[in-house]
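Chemist: If you scroll down you'll find the structure; I have some questions about it.
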Amino acid sequence: MERCPRDSGEETTYHDESFQVFEVEQRLQLTQKDPEEGGMEAEEMLPSMDRQPFLSAFALEEFEFPAIIQLQEMPLFPKWHLPLKLMAVFLTLTFVYTFLRDVLQPYVAQNKNDFYKISILVLNKALPWTSITLLALVYLPGGLAALLQLHRGTKYSSFPLWLENWMGVRKQLGLLAFLLACLHAIYSLSYPMRRSYRYKLLNWAYQQVQQKKDNAWVEDDVWRMEIYISLGILGLGILALVAISSLPSVMDTLNWREFQCVQRTLGHAALFLCTAHALVYGWRKWVEMKHYVWYTPPSFILASFLPGVVLLLKAVLAMPCFNKRLARIRHG
């Protein structure tokens, strides 16, 4: 039954949708032609069909598509599969590790019920740990590729397939790292709103009165918190710039040198600030044996290990003896 538009705006919408469906049918028919007859024409009309959606203004329902279109056979975020799996694995491992140290150990050793920490405190330790690990995985393949070029002495030999696949998903890993960093910031801001935090404040105030202390100021803790919060804010801000610059609309406004400066220089700066944020958070805990619960190191030590390796590799490759040779190799 033919649809009767009520006004000119609705008529325009209807014709736009009909034209889009017609255009899709024509494109798909061209792809099924004999290569000698319609191959060149199909290549001209389908230069970017995988990258450019054919629904621009209005979404169509599945029953409105021609029967020739099989939505189930189209790929669904193929480049996001591996990054999402890595994020899920790292998030699960870090969550379990933090749960064992911060919740299960006090319950087993001291019969202390801290299971309320699972929803916010434990998760908020797993989020930054996973985030900084994913961010380190963004810049680690670049260092490995540079070492491989130095070893081979040429840029014309291809990289191993696993390294090429790894380098192909760096953008997705970086965006997931930025997402987890934002969630970590939001969870941290929610600390004062928790009922358990308010009860702890009352307990601390009561203990201070019982001990007859008129000043609870601890200079060491004040400096530690001021510094690591400042580093975290700076790291998140720079990471936001790197994430925004990876958007296609922003990338089109940058030349190659500008894009390289943002992604490499600012990216490594964000990784350095986030690593410093984690280390300052730990402060002196890495030398205090009471923090090695069940003979396991504190989470900030493990979280800083891989980023530290990446930053050390970057510093070594920046030395003139390696940097000049690498520049000659990349210039042919």
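Cβ coordinates are placed from backbone N, Cα and C, and glycine is handled just like the others.
Below, the features straight out of TrEMBL:
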{"type": "TRANSMEM", "residues": "82-100", "note": "transmembrane segment"}
{"type": "TRANSMEM", "residues": "126-148", "note": "transmembrane segment"}
{"type": "DOMAIN", "residues": "129-265", "note": "domain 'Ferric oxidoreductase'"}
{"type": "TRANSMEM", "residues": "173-193", "note": "transmembrane segment"}
{"type": "TRANSMEM", "residues": "227-250", "note": "transmembrane segment"}
{"type": "TRANSMEM", "residues": "262-280", "note": "transmembrane segment"}
{"type": "TRANSMEM", "residues": "300-322", "note": "transmembrane segment"}
Chemist: Which residues of the same chain, at least 6 past either end of the transmembrane segment (227-250), have a Cβ under 8 Å from a Cβ in it?
Modeler: 135, 171, 174-175, 177-178, 181-182, 185, 259, 262-263, 266-267, 269-270, 273-274, 276-277, 280-281
Chemist: Return yes if the transmembrane segment (262-280) and the transmembrane segment (126-148) have at least 3 CB pairs under 8 Å (sequence gap of 6 or more), otherwise no.
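Modeler: Contact criterion met.
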Chemist: What is the number of residues in the domain 'Ferric oxidoreductase' (129-265) that are helix, strand and coil, as DSSP sees it?
Modeler: 112 helix, 0 strand, 25 coil
